[in-house]
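*Asks:* Mind looking over this structure? Questions follow.
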Amino acid sequence: GVGFKAGVKEYKLTYYTPDYETLDTDILAAFRVTPQPGVPPEEAGAAVAAESSTGTWTTVWTDGLTNLDRYKGRCYHIEPVAGEENQYIAYVAYPLDLFEEGSVTNLFTSIVGNVFGFKALRALRLEDLRIPPAYSKTFQGPPHGIQVERDKLNKYGRPLLGCTIKPKLGLSAKNYGRAVYECLRGGLDFTKDDENVNSQPFMRWRDRFLFCVEAIYKAQSETGEIKGHYLNATAGTCEEMIKRAAFARELGAPIIMHDYLTGGFTANTSLAHYCRNHGLLLHIHRAMHAVIDRQKNHGMHFRVLAKALRLSGGDHIHSGTVVGKLEGERDITLGFVDLLRDDFIEKDRARGIYFTQFWVSIPGVLPVASGGIHVWHMPALTEIFGDDSVLQFGGGTLGHPWGNAPGAVANRVALEACVQARNEGRDLAREGNEIIRKAGKWSPELAAACEVWKEIKFEFAAVDTL
């Protein structure tokens, strides 16, 4: 019996280890596995562990030259998904040495790179990842984080207000800058480039940057508050992105923006490093996320993309509005909002959190609520998200019948009224409409906004932005 035993053998003989004790340094993954008919769940779970770590479809001679026990991924636990037929959660532990330090790109290439096309599976979804401190400490993380951002902006004790400039495509740079100025002058903290505003024929990036920064300075001098506009630096090459970021810095802009999924994690991490080194805040848009996270049984849950972003680096990230229709959605969204903001998050399956996550010293990221929200949602948003958030009203600002600046005034008055009411101990869930209506008596701008969008029912069941 010299040599090795060639041939195909079942994955579960090597990669299914139900008695494995996970190490503090292991990266842990929770996969939702839907096996093909006739494939036992243990084999499916082991196949995922194998194909996303050291395994291939057959035994190879060079297996003898490595220490499989040190390097293999292990499926250490499998449980059926309640209420779903033929779906299982497979827990996989990966040894730390399988991954390059400081590279989200390499982490994803390994864990979700190849295995999703695997024939033995009908579908596969990565639900959660546990990033151990030994790995997270190899990342810079967000350029600045929540506390440093508040200090830079000198804004405390309330959510920040933003607005995406619409129509998103077609405005000239000067008219675009005018819209920015009006919103900031009216009382918003930030305005935002839309995710697909890069550098198109109708508005080149350099012209936009100049007019927007002029708008920022004008609004700052008139209001005495620090203002910002998310200048979208996303471009076709990393070099071009850094060039745009450098120009923003030269102009004295406080914050730039990146589409991290279309731009890619490598580009995002480079940009985040540049931003920390040069004092720029970094706003992250999640364009393309639904391609990856919308299917319930295949792809990746957004909480994984959110964790990856906290490692790669960003100071703000879009995270849905939560004033959606489904109760469960709210808990799940708040689960990954906490994963973005807090240092330590306990395992809590009701909120979709499969693992206890300890971020050590990596700064927090501000969640951004945007999409179909307006002044009547303000009490719900204030209560749900708390102070550490950015509330973005695009149409809810620019759709005001009197124009952009009054739209901004309406939002700011509504927010300040909600924060004051909360600080006085009032119940925003029950008294929300009343608080907004009363504030409208002192602010004609808010009264006009209330009239346009009418009040909504306040079981927090408002707008469904899927």
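A Cβ is built for glycine as well, from the same backbone N, Cα and C atoms used for every other residue.
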*Asks:* Out of R286, R294, R341, which one does Swiss-Prot list together with N114, T164, K168, H318, S370 for substrate?
*Replies:* R286
*Asks:* At its widest, how many Å does the recorded substrate site span between Cα atoms of N114, T164, K168, R286, H318, S370?
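*Replies:* If we measure all Cα pairs in N114, T164, K168, R286, H318, S370, the largest is 37 Å.
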*Asks:* Could you check which of the recorded positions K166, K192, D194, E195, H285 is the closest Cα neighbour of N114 (substrate binding site)?
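*Replies:* The smallest Cα gap between N114 (substrate binding site) and any of the recorded positions is with H285.
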*Asks:* Which of D194, E195 has the fewest nearby Cβ atoms, counting only those within 10 Å, among these binding-site residues?
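*Replies:* The binding-site residues D194, E195 were compared, and D194 has the fewest Cβ atoms within 10 Å.
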*Asks:* Could you check the recorded positions H285, R286 and say which one's CB has the fewest neighbouring CB atoms inside 10 Å?
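*Replies:* So among H285, R286, the recorded positions given, the one with the fewest Cβ atoms within 10 Å is R286.
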*Asks:* Near K192 (Mg(2+) binding site), which binding-site residues out of T164, R286, S370 have their CA within 10 Å?
*Replies:* T164
*Asks:* Which binding-site residues from the set T164, D194, E195 come within 10 angstroms of H285 (active site, proton acceptor), judged by C-alpha positions?
*Replies:* D194, E195
*Asks:* Rounded to the nearest Å, what's the C-alpha distance separating K166 (active site, proton acceptor) and D194 (Mg(2+) binding site)? Just drop the number here, would you?
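*Replies:* Cα-Cα distance, K166 (active site, proton acceptor) to D194 (Mg(2+) binding site): 8 Å.
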*Asks:* Given a 10 Å Cβ-Cβ cut-off, pick out the one of the recorded positions K166, K168, K192, H318 that has the most other Cβ atoms nearby.
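*Replies:* The residue with the densest Cβ neighbourhood is K192.
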